[in-house]
């Protein structure tokens with residue numbers, strides 16, 4: 001149907017009879033948003049002088065076996081190809097996105113219309129009948145073969161005239177991959193009397209011919225009754241351009257596609273499904289705007305096809321890793337919301353759509369009809385703390401808008417929400433006396449002396465081992481403008497006000513008074529004290545300040561806040577160019593980084 005797709009996978013600029021041919025063959029496969037060249041030599045595995053794997057009936061034809069070898073190389077081994085699906089192969093060979101329908105369950109009322117639109121958009125469609133393990137490729141009495149990967153090559157609604165009454169019949173043209181006489185024997189098959197109620201003009205319009213070529217017509221009703229699985233691979237920008245589709249032919253329309261590469265990171269953004277509400281909100285979130293309703297549709301709704309694909313998991317089978325159970329949920333939001341949605345939102349808001357199922361496949365795909373508006377897609381693994389990279393694809397009939405929900409890195413001034421209590425005022429007075437006693441005549445303290453002061457104050461309130469010398473060095477660096485390595489009392493008092501705010505917020509998230517909280521809560525704890533960071537910076541902060549168990553200790557939280565404030569204030573103090581970018585000399589940069 002699409003020789004241009006074949007040319008994408010098997011480049012035609014190779015001459016195997018050329019004198020320069022060196023035994024290397026090149027193929028191309030789509031992998032996670034990119035077309036990748038794969039080179040293999042022309043040696044093939046054999047047993048008793050026969051090809052072990054894929055082979056042609058023509059003993060002198062080897063392109064298919066070489067193609068399989070290249071595909072196995074890309075996946076890591078021939079073994080890695082086991083347990084795959086037709087949908088995975090269709091995507092890797094076209095760059096499309098594949099919908100799956102189980103025809104044994106409730107068939108969507110709009111399925112035939114979906115197939116009509118898919119046919120107009122040059123989608124690849126395949127169907128099959130599940131085979132009994134003991135009867136693979138067994139032929140049924142109606143001519144169909146179990147376990148075969150049939151292709152659907154045309155979808156038509158034809159006008160019929162039966163005893164003077166006109167009507168319409170929905171028909172599908174289906175091809176048996178063997179390309180032989182094994183064809184459907186029921187209504188609208190090659191020898192069916194139903195063709196007599198079709199006019200010659202309709203037959204000509206359909207390009208009707210009857211040959212023992214494995215291709216036949218059957219009604220949509222019979223199709224749903226006899227086949228069990230339907231897969232539709234929609235072609236997008238990665239597959240065909242407008243010229244290859246035959247533009248400006250209006251009957252050939254391509255899907256519009258948006259893609260996002262991201263990852264679930266343990267302790268950072270692998271929050272698990274909605275069952276794990278306390279961490280679900282930490283998953284990556286993607287905004288999509290459904291702009292226009294579908295064409296040829298009475299409903300004022302727009303269709304999107306969402307495909308969530310986990311990357312490179314087949315290659316990791318040798319490491320004992322398997323595919324995660326993955327899915328997604330879709331939520332309606334107000335226009336203009338670009339920051340990641342928080343826990344409160346998900347506690348109060350129900351999803352408007354979700355993946356057909358959470359399942360351990362390479363890709364989960366679903367079609368959704370939504371009112372025009374702005375939505376957020378939240379992809380996740382089923383269990384929290386399962387790591388994987390993923391590709392999220394969003395197909396729509398018209399051009400769309402999409403982007404990752406992310407914060408703008410900035411610092412906001414946060415005022416204490418209350419006056420100091422009498423106890424805190426007494427504590428401040430005691431601290432001043434302690435400071436004067438420890439500081440001596442110069443009324444300044446270094447990091448070691450500062451540690452004695454703040455540990456005396458905080459160890460009465462927290463279950464922790466006290467601030468480390470490293471944290472206290474950073475506290476000094478925060479206030480020490482002249483880099484003397486010491487703090488005066490006025491500088492200490494400013495630092496104390498920050499510590500009091502950070503302590504109050506930490507206590508809020510340390511609900512069990514254990515002296516720590518979960519790394520998933522770090523973002524909220526930073527926001528509460530005025531620090532807003534984007535997703536990449538937040539991931540760095542968790543890697544830097546959380547334990548391997550994903551715990552943020554009080555000492556680490558304070559150190560994180562101190563260094564963030566130092567960096568923000570250093571940036572603010574530097575001269576800026578016209579775009580607001582700070583300029584540093586090499587010496588200034590090194591001095592700042594070393595002393596943080």
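Cβ atoms are placed via backbone N, Cα and C, with glycine included.
Note that the coordinates shown come from a computational prediction; the quantities given were computed from them, not determined experimentally.
Under the heading domain 'Calpain catalytic', TrEMBL lists 1-236.
For 148 (among others), the entry in TrEMBL reads active site. Secondary structure at residue 148 (active site), taken from DSSP and collapsed to helix, strand or coil, is coil.
Feature annotation from TrEMBL assigns active site to 176 (among others). Annotation for residue 176 (active site): same-chain Cβ neighbours under 8 Å, separated by at least 6 residues, are 145, 148, 150, 182, 183, 214, 215, 216.
Listed as Cβ neighbours of the domain 'EF-hand' (497-532) (distance under 8 Å, sequence separation of 6 or more from its ends, same chain) are residues 267-268, 271, 278-279, 282, 340, 342-343, 407-414, 416, 420, 424, 454, 458, 461-464, 538, 541-542, 545-546, 550-554, 557-558, 560-562, 564-565, 568. The feature domain 'EF-hand' is assigned by TrEMBL to 497-532.
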Could you tell me the mean pLDDT over the domain 'Calpain catalytic' (1-236), as a whole number? 87
Counting by DSSP secondary structure, give me helix, strand and coil numbers for the domain 'EF-hand' (497-532). 22 helix, 5 strand, 9 coil
If you draw a 10 Å sphere on the Cβ of residue 148 (active site), how many other Cβ atoms land inside? 20
